[in-house]
Amino acid sequence: AERTLRLSLQVATNHPVGENIVYFADQLEEISDGEMNVEIYDSAQLYKGSEIPQAVSSGAIDMGLVLIDEFAGTIPAVGLFSVAFMFPSYEVLARAADPESPVRQQIDDLILGTGSRVVWWQDYGPVQLLSNGAPLVSPEDMKDKKVRVLGKPSGDFIKAVGGVPVKIGGSEQFMAYQRGTVDIGMTGTTAIKSRKLHEVMDHVTISNHAQTEFLVVMNDALWQDMSEQEQSWMTEAARAAEMKMREETKTKNLDAQKFLEDETDMTVTTLSDAQIEAWRAAAKPAIDTYIESAGEAGQELVDSVRALY
Amino acid sequence: MTLLVVVLCLLVLLFSGLPVAFSLAGLGTLMLMFKGLPVIMVAQNLHGALDNFILLSVPLFLLMSNILLKGGVGRDLFDAVQSWVGHWPAGVGIAALLSCGIFSAISGSSVATAATVGTVAIPEMTRRGYSRSFTLGLLAAGGTLGILIPPSIPLIVYGVITEESIGKLFLAGIGPGLLLLGLFSAYAIFYSVFTSAHTPSPRVSWAERRTATIRALPSLFLGATMIIGIYSGAFTPTEASAVGAVLALIIVIYPLRTFTWSLFFDAVRKTVATTVVLFLVVIGAKIFGKAVTLYQVPAQVSQLVDTHVSSEWMFLLIVAAILLFIGLFLESLSMLLIMVPVLLPTVLGLQIDVIWFGIFFVILIEIALITPPVGLNLFVIQAVAKTKLATVVRGVTPLIFLMLLSVLLIYLFPAIVTFIPSL
Amino acid sequence: MKSADNRNPEGAEKSAPLNTLWTVIDRIGTGCAAISDVLVIAIALMLFGEVVARYLLNMPTIWTQDVAVALQLWFTYLAMAYVLRHREMIRITAVVSLLGPNARRCIDAFSLLVVIAFSLMAVYYATDIMLESIRLGRRAPTMLEMPNWISELPVILGFALLALQGVADLVRIPYRPAPEFTAADEAAD
Ligand code: NA
Ligand code: NA
């Protein structure tokens, strides 16, 4: 091949996000007729997700997979997708994350400022709340409970509803729930299934309160170095991978939800519109915190999302 | 071909006396340069390898056991156990083994366990007429339990590499730890029946038992707190280590009254120095591991295994043989850090339980600790007893076979490993 | 602590040129190790306090984990030079312990040269990384949002100290008794 790109991802290639990257690599090789190919280093052999922003922008690795939130410390505005109850439905999310959407373009530009170019987005689906004994119907159920959080935006949300945020890593999650280190869990629908969390938590509340978005980023200097032909091959393959992922994610999440309902002892609780509204109102301070730390860009992004409702 | 050259270079560097950490890091850096890969990657790892909350439990578990060590806990524990079982036929030997087991629950290291218990138990066993080589072998092997019974530094590092739960790994070590303790004790009893040159210690009075036990109680309590605390989820392993360090300090200050500032600062300095030494090897291995990954070595190994090895038992047999071989020469943590990243893709591919594999690996590391020419526990016991290496080696040989037997047993009955974490 | 200085059967230490300078470097290393001691104690107390805060007060802090991890980087890298001077690093000595005194000196010099070269490379790239973090305002995406440079700086300081200590030890090799390599050098686990 004329050009080989090295790509680092922290999950295995049989994980849905990893499968999508393999699909991209195959597409790129096919479209470019073998002129371009991708060497994939999976399972965090090279980098943890948190190391990717620095590794890609410095050129230590050509491309990498990263959770969008990993940029949120440096650029608070990109934490948008983890702000609780920002996206009322899957349709609004799809519109906001579409390659042509102003929300998406603004975030891509902010990230480009760090030397990393966003190649495509991978929807990984909504985040839910887990509990033992009773479902979490209203925000009052969170009062003084210890809740697993993933990062700053989810921590702000839990504080806003009166819970106590505790940071627990993905691999310690199962034990933390089993042994009651935290009272309430938080994770994606598909992860409940893959990490067997239904064995240790008996209720899941479909809160859909935040979205997991993975980004595939690339060193911008390398992008500039590519010919127009190469850039257009990349764009085409990336677009194909992104659309495939978006279609599959919705089905996969609903399937996982159905699996939990039918095949496990877990009780799945969905919320009515009025109940969601109560959660949204309770979580409002978290949106204010987001706008406060993200400044003008944050306000603009919130307005753009609301325009899509 | 590449693989062969890399392995050869590494061996030359290692045997040149260059510190292991810099052999790994230096060779890794050269490999990146040779292929024109960005060297900035090395510097990122210097930061990234230690930017890890789980690794924090390493210095804190070390701190806990160093404080207790300087506070004279080894003597207290051994005296207490001996007051209960010392008058049995193989009593003093069993007391030494049980002390190793208990001390393992408050120490993450095999070397510390062997040194602490060895210092008090070797003179006592020698005085009671046990043969020199039997005594030294028993303690060298008993000391290796330090890394199987939780807490365990190699298990922490294994959990960090494989992203498995440290809590689960710790719990998984308990069953096989007790199994080995049982096998070793059976051997000690068997040996006592067939040789009679030694005398049990006299039965002690209930009053003496009570005094000795009360003195050991705080350390027993601490060991129990660690295991129950992790098991119940009261705290994560890292927090358990911090709780343990603070409790250890309290114990030596009040009930034991052996605290002095100079002993305390010695314990802290020893902790810092050992942590730096260990972490540098972790970092070096990480850099080397990444270079090896970019040379596609793990993929090649996986492929090799895929084409030639069809079953789980064959793979495990090969891994065991390789680990036994490199364990003759390589220090324990380096074995883990170099081999696990290379083997992990295949382990996952064959759907071997990653927790079980961790315990399997650690038992093989334990064996490496007592096989010559490079076996840290052999050196420690040799130094404590001021004797020839050959004497220790002779005594430890039967116990190596018992450890191999335990590997076979956990393969045939995986529940020995998986039962406690599943409760 | 083992001391590298006084376990020699083959002659006493002679004073090297610029001896004061090398002694000052030794002292800096020891001073930094003392800072590391304090940091380790601080980490233990902080994490213990966190458990207490969570269980007794139901008030976990948002900063303990992040600060403890940053301190871990600081205490490790600050104490590296001390560990080098005291020859505590794990090395395989089975072969080199068989060599004569001058060969052992050469072996030691080779080790120090590798350490110095690696350290200089590390300082160069780590500085690059830290300057970029400051320029972009990189922060961790956690509740505390700690700036990245805080935990990147100790890498630079630590390896700069290590390089200095390496030079100080290298220069003094000819004036010192030949190093002895014993099995104990491999002991740490
Ligand atoms: Na242990
Ligand atoms: Na060995």
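The backbone N, Cα and C atoms fix where each Cβ goes, glycine too.
These features come from TrEMBL:
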- B:8-416: domain 'TRAP C4-dicarboxylate transport system permease DctM subunit' (DOMAIN)
- B:53-73: transmembrane segment (TRANSMEM)
- B:93-122: transmembrane segment (TRANSMEM)
- B:134-157: transmembrane segment (TRANSMEM)
- B:169-194: transmembrane segment (TRANSMEM)
- B:214-234: transmembrane segment (TRANSMEM)
- B:240-259: transmembrane segment (TRANSMEM)
- B:271-293: transmembrane segment (TRANSMEM)
- B:313-342: transmembrane segment (TRANSMEM)
- B:354-379: transmembrane segment (TRANSMEM)
- B:399-420: transmembrane segment (TRANSMEM)
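Across the residues of the domain 'TRAP C4-dicarboxylate transport system permease DctM subunit' (B:8-416), the predicted structure has a mean pLDDT of 89. The stretches the transmembrane segment (B:53-73) and the transmembrane segment (B:169-194) do not meet in space: the count of Cβ pairs below 8 angstroms, excluding pairs fewer than 6 apart in sequence, stays at fewer than three.
Within the chain, the transmembrane segment (B:93-122) has long-range Cβ neighbours (under 8 A, six or more residues past its boundaries) at 58, 61-62, 64-66, 68-69, 73-75, 77-79, 81-82, 84-86, 130, 134-136, 138-140, 142-153, 156, 177-178, 181, 184-185, 188-189, 191-192, 219-220, 222-224, 226-227, 244, 248, 332, 366, 369, 376-377, 380-381, 384-385. Listed stretches B:134-157, B:169-194, B:271-293, B:354-379, B:399-420 were compared with the transmembrane segment (B:240-259); the greatest number of C-beta pairs under 8 angstroms is found for B:134-157. At the 8 Å Cβ cutoff, the transmembrane segment (B:399-420) and the transmembrane segment (B:169-194) share at least 3 close pairs (sequence separation 6 or more) and count as touching. Beyond the ends of the transmembrane segment (B:271-293), by six or more residues, the same chain brings 6, 10, 19-25, 27-29, 31-32, 37, 41-42, 45-46, 48-50, 55, 58-59, 62-63, 66, 153, 157, 331, 333-334, 337-338, 341-342 to within a C-beta distance below 8 angstroms of the stretch. A Cβ distance under 8 Å defines the sequence-distant neighbours of the transmembrane segment (B:354-379), meaning residues of its chain 6+ beyond its ends; these are 110-111, 114, 140-141, 143-145, 147-148, 152, 154-155, 158-159, 162, 164-165, 168-169, 172-173, 176, 180, 316, 320, 323-324, 326-332, 335-336, 339-340, 344, 347-348, 389, 392-393, 396, 399-400, 403-404, 406-407, 410-411, 414, 417-418, 421.
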